[in-house]
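According to TrEMBL, the feature compositional bias 'Gly residues' maps to 765-790. The feature domain 'DUF2207' is assigned by TrEMBL to 25-201, 219-354. As annotated by TrEMBL, domain 'Predicted membrane protein YciQ-like C-terminal' applies to 432-712. Annotated region 'Disordered' per TrEMBL: 755-790, in sequence order. The transmembrane segment annotation in TrEMBL covers 399-418, 548-566, 572-593, 605-627, 633-652.
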Amino acid sequence: MVLTMILILLSGHEIMAEDVGYVYEDLNVKVEINDKREYHVTETMVVDFENEMHGIIRNIPLKSDTEKVRIKNIDVSGMPFSVSEEHENAVVRIGDPDVTVSGIQEITLEYTLTHYQDYDHEYDYAYVNVLGTDYDTEIKHFHAEVIFPFADELINYKVTSGTRGSTWNNYVNEMMADDRLMIDADETLPAKVGVTVQMRFTEGVFSSAPSYPYPYVLENSDCQIEIDKNQDLHVTQTIDYQTENRYLGISIPFISAGWDASNYRIDDFEAVGDAEVRVSGDAFRLQPEKEEGSVVVSYIIHPYYLLDQDISFVLNDPDEDTQIKHFSLTLTMPSIPELNVYLQRYDADTNTDRYQITQADNTIMLETTQPIEAAEIFKLTLPINAADYQRDSGFYPRLAASLGGLLVMIVCALRFLVYRKKSLTIPVNFYPPKGMNSAEAGYVIDLKLSDSDVTSLIFNWADRGYLKIHFIDREYSFEKIKNADSLMADYEQRLFNAMFRYSSDGFVSHAMLRAFYYDLRDAKKSIERKYTRDKSLTLKSADVMRKLFINLSLLPLLIFLLLNNYEIYRDSFNLVILCVMLVPMLLAANRMLTMYFRQKEGRNNKVYLGFGFLMGLLLIYICILITEVSLSLELLISLFSCMALLIIASGIHKNSEYRNELLVPLLGFKEFIKAAEKDRLEMLLEEDPEYYYHVLPYAQVLHVSKIWINKFKDLTVPPPTWYVGEEAWSAKDFDFIVHDIEKEIELASKARAHSSFDSSDDSGYSGGDGGFSSGGSSGGGSGGGGSRGW
């Protein structure tokens, strides 16, 4: 509310002036307009110098909102004066620099403002500031009188008053009497308040006014535009000029001057003729070589992306102080839309009589019938039918897709030819392989070492007599029977001792296994180290190729995005910037995707890595958005190549001869477990009643434990010697203990992860239209200006 009141006060009739030491007691302005469009102005002023001052300074603008103005016959009576020109103003300094005055002084200022003929061919205009908007003091009494010729030729007029730009009349009253307009202010006019008169007459009233002497004239401007199926605009412009000043540059806008420069480029610019031509921003500039000449300019406008909305062509530069006597346009395109031609100054309606349009087949021809004057805007808008245009993707995107396909072919050759899996002859094996415990068997069989593989050693140790398992009231614990010995591998001994380090009286409860996590992790590292160098399970070159192509799996997309960008913009520097942006993002996406493909067992881990996989896809999508790539066959090929590389490269493996030696008995044993017949099992049990239990930890790591257990459901198996429980041993007890141990280890893993996380750290122009086209505003006409004391 307070802000609204302030605005109302500021826009009201009382604008308080600063105390500047003088005030106008009376100001009487008479403006006499003749048929030469000259305004003879007489300002009779009564000034009260409240402080001692030399006089006043009147600034008279030499340029209105619509045209340049010249001034002549400046004279002052009542005080001495001098005249100078500053910043497109005639500065009349009234007073003596050696003498000061005070009190009432009467001064008369006379001058004549001369104008050229206005550009409009239908009407004549007069536009004059009887009081400028830059007076820095108030005027207690104001009267103005505008005398004009041919009163019967006046069509209409408008008076505005107020601060600069006001389109209202809030301060004065006007009255028309024959050939004069009288204006009076009923109250004191505040500082900075001006009064402007605009008049519209029939054409010819100011026929005696001189024509504006343009610095140069375009006698003819012919523009030929052909829009091809690729939506490239082939432009040829022929410009015939005439100038008296060969040192004056002529600026011609590209027809795309109104477009966003980031959406297109200019190709194949050429110029021949009687001028030196150079490109400057969204225009080209002619430097004439003689007073009359002709220049032919051609260029291609290449939009980076197919346009599907209306486009506009700029056909002249309204800021250039020139006249185009004749303009013609020939536009050829796949289908002809309805043109919207804009030829006017400010917001006036376009006069369709000033041009004519003809059409033949797919060509439109536009030709002006009247000159185009300075400060006029000449442009046309045409709709685009997107169905008329189509581009192929270009050489570089096709090259990128081909490179992606080549990478896929290479990785396929590596996986299915160079590193093809060797066929092994697998004999049936009834017993676990010698010299290999269950954890090692689990690692050899699938090259993965899970927590379950290592904890299978607990049952292996029990079977070998190192511990007993107590299972009472659905609670289990482990009892140490004998110490670890040399029959165990070094890491087995450390793991066994670590397990019972947490014991109480030789017993370890299942809850104590949570403290077992780091020891378990160390054991896994020891097993992996065992199978290195001469005992490596895989061929090193295959591992290198697998990791290389997994890390390069998003390379086809990167190549496509970069080459597609170059195909569009042809900018090498932009390519470098884009590469700097994309490479880190795609590396992060690659890391997230490959982590998913390498994931370990465990439901929560899968959820976490699945989220990372989605984040990787999101990063890829963001990269595509950044480069503004549209859907194309080449993009799909590149994306397919990325996925194919990742999946196929993940399968590049080549067993070492050492692993093949280990796999033969291990696979034979696994096959036996899966296919064993009842009579064979009965015979093996007769040979060794504990046979079932010897196999159990190996069946666990070979992922066939359920099959093994089911094989014995109809057989009589003696209870294990290492089991103590309220009830007889059953397969359900084994499942319960296995899954509970896995759960305890998983809880320990989560606890360690949380703990680790918590601890981390201007030129002129010809005669105007009198301001009618813009509605007119205070201070916008000729003359006026301001006053200040000195």
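Each residue, glycine too, has its Cβ placed from N, Cα and C.
Keep in mind that TrEMBL annotations are predicted by a computer and have not been checked by a curator.
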So what pLDDT does the domain 'DUF2207' (219-354) average out to? 91
Residue list, the transmembrane segment (572-593) vs rest of chain: Cβ under 8 Å, 6 or more residues beyond ends. 550-551, 553-554, 557-558, 561-562, 565-566, 612-613, 615-617, 619-620, 622-623, 626-627, 646
Which residues of the chain, 6 or more past the ends of the transmembrane segment (548-566), have a CB below 8 A from one of its CBs? 393-394, 396-397, 399-401, 403-404, 407, 410-411, 414, 572, 574-575, 578-579, 582-583, 586, 589-590, 593-594, 597, 620, 623-624, 627, 629, 634-635, 638-639, 641-643, 645-646, 648-650, 652
Same chain, outside the transmembrane segment (399-418) by at least 6, Cβ under 8 Å from its Cβ: which residues? 545, 549, 552, 555-557, 559-560, 562-564, 633-634, 637-638, 640-642, 644-645, 648-649, 651-652
What counts of helix, strand and coil residues does DSSP assign across the domain 'DUF2207' (219-354)? 6 helix, 76 strand, 54 coil
